[in-house]
Amino acid sequence: MNMESVLHNFATVLIYVEFIFGNLSNGFIVLSNFLDWVIKQKLSLIDKILLTLAISRITLIWEIYAWFKSLYDPSSFLIGIEFQIIYFSWVLSSHFSLWLATTLSVFYLLRIANCSWQIFLYLKWRLKQLIVGMLLGSLVFLLGNLMQSMLEERFYQYGRNTSVNTMSNDLAMWTELIFFNMAMFSVIPFTLALISFLLLIFSLWKHLQKMQLISRRHRDPSTKAHMNALRIMVSFLLLYTMHFLSLLISWIAQKHQSELADIIGMITELMYPSVHSCILILGNSKLKQTSLCMLRHLRCRLKGENITIAYSNQITSFCVFCVANKSMR
């Protein structure tokens, strides 16, 4: 077994690990917020954003997995209606995953940052309406993306040779469509997320200057909130940039028919919907407490320890308490 074969097998295993990890982390966010909704019959604004973001990312992860499977059997993938379903599902999941993450960045900015600008105070007062307006406005870009994708897909299908020998070109063409559409329609939301990140840094800088004037040595809750939000936002910006560049890598790899490079591109691409969701869990007090509770319960089960009914009820009550507790408002 040569070195390339070893790297290929290792990369394949890594893709499956990311696939499972991404489904578990996003599925946990969905389940946690669903239980919260069942208990309280309502969800806060940030919980709604996290819930829909996790659902869109689960779909995106499965789309990437379908693309990965097509490398081993291309002839069973890009055929007629299957191409349309996979392609347009990718467009939808990628669109909502990006815009929901952007609205999350805007949410953190307006809820945490301390600014005296009139426009900032106005947007902060109408935060819910702003988030809804951003998502409704994003539908205009989604419509334009779908219309352009339909025209490109019809043109592509019209001139396409359905023989198996051209399937590698089909995959390269499909990646090219996704890459350039993604580049065109992700500029605005990515810019908004970047601006939110920079403004939050500016707010943190002003806050730290204020703390120095009153000689506080320990980090106050506002500083901790700033740092937590910045970690979430910078991880999103970096991972989405890697996600975008991975499509470029995959496109170049398929042009040169390099399966190993294509798989490496997919590994990088899966990091965005998988790893960032884990960072969201660690940065959200409610989700973090619930996850620790579940891990503690799972560890006891795996060790084969005898859990009494009282102790089991105690764990269950604690989990319900964690779910019922709201995170950042």
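Placement of Cβ uses the backbone N, Cα and C atoms for every residue, glycine included.
What Swiss-Prot lists as topological domain 'Extracellular' is 1-9 (among others).
Positions annotated as transmembrane segment by Swiss-Prot, on the basis of sequence analysis: 10-30 (among others). Below 8 angstroms of C-beta separation, residues 50-51, 53-55, 57-58, 61, 64-65, 68, 260, 263-264, 266-267, 270-271, 273-274, 277-278, 280-281, 287, 290-291, 294 of the same chain, each at least six residues beyond the ends of the transmembrane segment (10-30), sit close to that stretch.
For 31-47 (among others), the entry in Swiss-Prot reads topological domain 'Cytoplasmic'. Each residue of the topological domain 'Cytoplasmic' (31-47) gets a DSSP state, and the totals for helix, strand and coil are 13 helix, 0 strand, 4 coil.
Feature annotation from Swiss-Prot assigns transmembrane segment to 48-68 (among others).
Residues annotated as topological domain 'Extracellular' in Swiss-Prot: 69-85 (among others).
Sequence-distant neighbours of the transmembrane segment (86-108) (same chain, 6+ residues past either end, Cβ-Cβ under 8 Å): 45-46, 49-50, 52-53, 56-57, 59-60, 63, 66-67, 77, 127, 130-131, 134-135, 138, 141-142, 145-146, 149, 153, 174, 177-178, 181-182, 185-186, 189-190, 192-193, 196-197, 200, 229, 232-233, 236, 240, 273, 276, 328. The transmembrane segment annotation in Swiss-Prot covers 86-108 (among others).
Distant neighbours of the topological domain 'Cytoplasmic' (109-129): 45, 196, 199-200, 203, 206-207, 222, 225-226, 229, 328-329; these residues of the same chain sit at least 6 beyond its ends, with a Cβ under 8 Å from one of its Cβ atoms. If you look up Swiss-Prot, you'll see 109-129 (among others) marked as topological domain 'Cytoplasmic', on the strength of sequence analysis.
Residues or ranges marked as transmembrane segment by Swiss-Prot: 130-150 (among others).
The annotation topological domain 'Extracellular' is assigned in Swiss-Prot to 151-181 (among others).
The annotation N-linked glycosylation site is assigned in Swiss-Prot to Asn161 on the grounds of sequence analysis.
Taken from Swiss-Prot, the feature transmembrane segment covers 182-202 (among others). If one looks beyond the transmembrane segment (182-202) by at least 6 residues along the same chain, the residues whose Cβ comes under 8 Å of a Cβ in the stretch are 94-95, 98-99, 101-102, 105-106, 108-109, 112-113, 115, 138, 141, 144-145, 226, 229-230, 233-234, 236-237, 240, 244, 247.
Residues or ranges marked as topological domain 'Cytoplasmic' in Swiss-Prot: 203-231 (among others). Note on the topological domain 'Cytoplasmic' (203-231): its mean pLDDT in the predicted model is 76.
Taken from Swiss-Prot, the feature transmembrane segment covers 232-252 (among others).
The helix, strand and coil residue counts that DSSP assigns across the topological domain 'Extracellular' (253-262) are 7 helix, 0 strand, 3 coil. The topological domain 'Extracellular' annotation in Swiss-Prot covers 253-262 (among others).
Among the features that Swiss-Prot reports, transmembrane segment is placed at 263-283 (among others), with the record citing sequence analysis.
Feature annotation from Swiss-Prot assigns topological domain 'Cytoplasmic' to 284-329 (among others); the stated evidence is sequence analysis.
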